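Step one of this worksheet: look at the structure below.
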Amino acid sequence: SGDLGAERYAKMCKSCHGADGSNAAMSRALKGLPAEEVKAALIGYKEQTYGGKKKGMMERVVKSLTDEDIEVLATHIGTF
């Protein structure tokens, strides 16, 4: 699933967050965040229960993610 997570990250996240998650994008860097925290944030964005003033971008990005997508992305990002 690591490869799938890397593919999803490259397609959906890298342009704003950087190859290794170190770009702050509109909020903060992803590098160093535990997978569980990333997963909770992605679910929160999808359910529109998480995020600050600029959450609209992330809500648009995650709305099409499946539970599996969220799991593999969180696991991949947790390795940064």
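Count begins at 1; order follows the chain as displayed.
Note: Cβ is positioned from N, Cα and C throughout, glycine not excepted.
Under the heading heme c binding site, Swiss-Prot lists Cys13, Cys16, His17, Met58.
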Spatial neighbours, same chain, of Cys13 (heme c binding site) - Cβ under 8 Å, 6+ residues apart: Gly21, Leu30, Val61, Leu73, Ile77
Surrounding CB atoms that lie within 10 Å of the CB of Met58 (heme c binding site), all protein chains: 22
CB contacts for Cys16 (heme c binding site) [other CB atoms within 10 A, all chains]: 15
Cβ neighbour count within 10 Å of His17 (heme c binding site): 22
Distance in Å spanning the most remote Cα pair of Cys13, Cys16, His17, Met58, given for heme c: 11
Additional residues around heme c, ordered along the sequence, whose Cβ is within 8 Å of the centroid of Cys13, Cys16, His17, Met58: Met12, Lys14, Ser15, Ala25, Leu30, Met57, Val61
